[in-house]
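Student: I have a structure here, written as C-alpha cells, and I will follow up with some questions on it.
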Amino acid sequence: MASMCPTAGGQYHWISEFAPPSQQKILSFLGGWMSTLSWQAGTASGPYLVGTLIQSMIYENDTNYEFKNWQGTLFVIAIALVVWATNIWGARAMPVFQNLMMIVHVFGFLVIIVMIWVLAPRNTASDVFTTFTNSGGWSSMGLSLMVGQVSAVYACICSDAAAHVSEEVKDAGRNVPRAMIWSYFLNGALGLVFLITYMFSVVDLSGAIDDASNGSGYPYMYVFTKAFSMPAFNTLSAIVIILIYAGTLSYNLSTSRQTWSFARDQ
C-alpha cells in the first residue's frame, strides 16, 4: 500500500482507498484518530527515555545522588524542547544527521556487543534458554511472559514512520517500502543478537532488578557497571542515549507529518 499510494497520511488514507466503499468514511475516520493519538503518545516516550537515562548515568557515577522524580521530569521536558527546536530550525541538516546516526548505529552496536562478549561475566546456555523467572508476581509464568512482550513489541513499532514522510521522498513508491521493510528486519536481527548477548551477561538478575528499582531505573546499567570501567560505561551509555535521541527526532518528525496530513485531508 505504501508503494501504490505513498502519502503522509498512511493508514487512514489507505483505508479510504482500499476499504469497501460503504465503510470507507467511518473506518478511515477511526483509523486516522487511532494513528494520530498513537503517534502523539508515542512521541513522548523518546524524551522520557533520553531524560531518565541521563539521570540514571548521573546516579551510576555518584551513588550519593538522590534520584528525584521531578528532576527526571525536567530532563524530559528539556529533551522535548531540544527535539522540537531541532526539527524546526535544523530540518535542512536532518538527512546528513540521520545518515551519520546510521553509521553510529552500526558501529555502536558492534562496539557494545564486542565489549560485552569480551569483558562481561557469562551465564550458561541452560540458564539463558531454559530458566524462567516470574519476578512480577503474576499468577502464572505464561501470563508473566505475555506481559513481558509489551517491551518487545515497543521495540518493533514505528515501521510505518517512513510512510508518513513519503511526500518528501524521491521515488517514494519504491524507496518508502524498502525503508520500512529493511529497517524492520535489520533492526530485528540486531536486536535479537543483542538480546541474547544481554541475557548471557545478566549473571545476577536480582542485583540488576534491585539496582533498577532503587536508583538507575534500567537493569542494563547494572550489567554495564559490573563489566566495564566507569569511563567505558559512560562512553557506551552515551552511544545509547545519542541513538535514542536520533530516533526521537525521526519519531517527532513522522508524528508532525501524520498529524498535519490528518488535519489537511478531507
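Using N, Cα and C of the backbone, Cβ positions are placed for all residues, glycine too.
Here TrEMBL flags 70-90, 102-120, 179-200, 220-247 as transmembrane segment.
In terms of burial and nearby residues, how do these features look in this structure?
Tutor: Residues 44, 46-48, 50-52, 54-55, 97, 245, 248-249, 252-253, 256 of the same chain sit 6 or more residues outside the transmembrane segment (70-90) yet have a Cβ under 8 Å from a Cβ within it.
Below 8 angstroms of C-beta separation, residues 190, 193-194, 197-198, 200-201, 223, 226-228, 232, 236, 239-240, 242-243, 246 of the same chain, each at least six residues beyond the ends of the transmembrane segment (102-120), sit close to that stretch.
Packing against the transmembrane segment (179-200) from elsewhere in the chain are residues 2, 109, 112-113, 116-117, 120, 122-123, 128, 155-156, 159-160, 162-163, 220, 223: each is 6 or more residues past its ends and has a CB under 8 Å from a CB in it.
For the transmembrane segment (220-247), same-chain residues at least 6 beyond its ends with a Cβ under 8 Å from one of its own Cβ atoms are 46, 49-50, 53-54, 56-57, 60-61, 79, 83, 97-98, 101, 104-105, 108, 111-112, 115-116, 119-121, 198, 201-202, 204, 207-208, 211-212.
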